[in-house]
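Structure record follows, encoded as structure tokens.
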């Protein structure tokens, strides 16, 4: 398990909570995508549009944060206030989900939550990776948050209480924003040993590619695949099943980061191959448990890959250089969330 001293926990609590809660709220619409698609005329395109608009917005904001000048401004400013403000924006956008299932309203809501997550993810991750095991903690918060959000929303949807789910999420965002904004402790401390930050321009291309591939898997499982798996198992449109699919995959991705010992490329590749085979076989045969098992293994492989990419981007960098490198890698990851979903929708 990840062992974090008390002093480290005091620095990590705020950004970890902000990252987990913002990630969870970003997944709240996942169990409702199929319902939204039915209201908007059916087909895969409404789901792909709503998911991709959010992902593209997050990617665009991360791209801006990835510019050295903006990263420097955030690093020199009060990052806690930046996180708190982003979460307030997230809550304001969340109110739109309560207004109407109209496409324009939903797209606006997804853009607003995308802006918030695009700020929270790199700023919180940069703060967390200033400490030991930060890459694993950040990955667990991000992916575990998405999984928990989808699970809670799916449970609420199965009880016919969609507005209550979004209302609870909005309240949690506001509470977390207040907690983060009022805490006076610095988000990070200077790195020990006087290491000089590497040039952020040397962000490894391989890290961006790995983040793209990992998020490509996770993106499909938080948008179009849950509905397809539920339909193949004879539970078409069941929000509890779609929420469970999203939650299982994302929580597997987060849980695989809990062991302290790093996992190598060979076991990660084995998880990827076996998981893909299990998903394909379960989907084709309509066997729900096999599809879920395959999805869980794919999620674990994606979580390991994403954590490795974050670790590669953050190692040896401090301050604005670390924030810039992480934003660039997460930008690549966000492209992985968007492009595979659009490709899937275009071939359906």
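Quick reminder: no glycine exception, Cβ is built from N, Cα and C everywhere.
Non-local neighbours of the transmembrane segment (12-28) in the same chain are 4, 54, 80, 83-84, 86-87, 90, 94, 97, 113-114, 116-117, 120-121, 123-125, 127-128, 131, 134, 137-138, 141-150, 152-153, 165-166, 169-170, 172-173, 176-177, 179-180, 183, 185, 187, 222, 246, 250; each lies 6+ residues outside the stretch with a CB under 8 Å from one of its CB atoms. For 12-28 (among others), the entry in TrEMBL reads transmembrane segment.
Taken from TrEMBL, the feature transmembrane segment covers 48-70 (among others).
Among the features that TrEMBL reports, transmembrane segment is placed at 82-99 (among others). Distant neighbours of the transmembrane segment (82-99): 14-15, 18, 21-22, 25, 28-29, 74, 105-106, 108-109, 111-113, 115-117, 119-120, 123-124, 163, 166-167, 169-170, 173-174, 176-178, 180-181; these residues of the same chain sit at least 6 beyond its ends, with a Cβ under 8 Å from one of its Cβ atoms.
Listed as Cβ neighbours of the transmembrane segment (111-130) (distance under 8 Å, sequence separation of 6 or more from its ends, same chain) are residues 11-12, 14-16, 18-19, 22-23, 25-26, 53-62, 64-66, 74, 79, 82-83, 86-87, 89-90, 92-94, 96, 137-138, 141-142, 187-189, 191, 310-311, 314, 318, 322-323, 326-327, 330, 334. Marked as transmembrane segment by TrEMBL: 111-130 (among others).
Counting only same-chain residues 6+ beyond the ends of the transmembrane segment (137-158), those with a CB under 8 A from a CB of the stretch are 2, 4, 12, 16, 19-32, 121, 124-125, 128-129, 131, 164-165, 168-169, 218, 222, 238-244, 246-255, 257-258, 299, 302-303, 306-307, 310. Marked as transmembrane segment by TrEMBL: 137-158 (among others).
The transmembrane segment feature in TrEMBL is assigned to 164-181 (among others).
Taken from TrEMBL, the feature transmembrane segment applies to 202-225 (among others). When Cβ-Cβ distances below 8 Å are used as the criterion, the transmembrane segment (202-225) is approached by residues 27, 30, 33, 44, 47-48, 51, 55, 143, 146, 150, 245-246, 249-250, 253, 295, 298-299, 301-303, 305-306, 308-310, 312-313, 324-325, 328-341, 344-345, 348 of the same chain, each at least six residues removed from its ends.
What TrEMBL records for 237-256 (among others) is transmembrane segment.
Positions annotated as transmembrane segment by TrEMBL: 263-283 (among others).
What TrEMBL records for 289-313 (among others) is transmembrane segment. Long-range contacts of the transmembrane segment (289-313) within the same chain: residues 125, 129, 135-136, 138-139, 142-143, 203-204, 206-208, 210-211, 213-215, 217-218, 221, 225, 229, 232-233, 244-245, 248-257, 263, 268-269, 271-272, 274-283, 322, 325-326, 328-329, 333, each at least 6 residues beyond the stretch ends and with a Cβ under 8 Å from a Cβ of the stretch.
Here TrEMBL flags 325-347 (among others) as transmembrane segment.
Using a cut-off of 8 Å between Cβ atoms, the transmembrane segment (325-347) and the transmembrane segment (48-70) share at least three residue pairs, counting only pairs 6 or more apart in sequence.
Nonlocal intrachain contacts for the transmembrane segment (164-181), taken as residues 6+ away from its ends with a CB within less than 8 angstroms of a stretch CB, comprise 14-15, 17-18, 21-22, 24-25, 28, 80-81, 83-85, 87-88, 90-91, 94-95, 97-98, 149, 152-153, 156-157. Only residues 6 or more beyond the boundaries of the transmembrane segment (48-70), in the same chain, are considered here, and those with a CB under 8 A from a CB of the stretch are 26, 29, 33, 36, 103, 106-107, 110-111, 113-115, 117-119, 121-123, 200, 219, 222-224, 320, 323-324, 327-328, 330-331, 334-335, 337-338, 341-342, 344-345.
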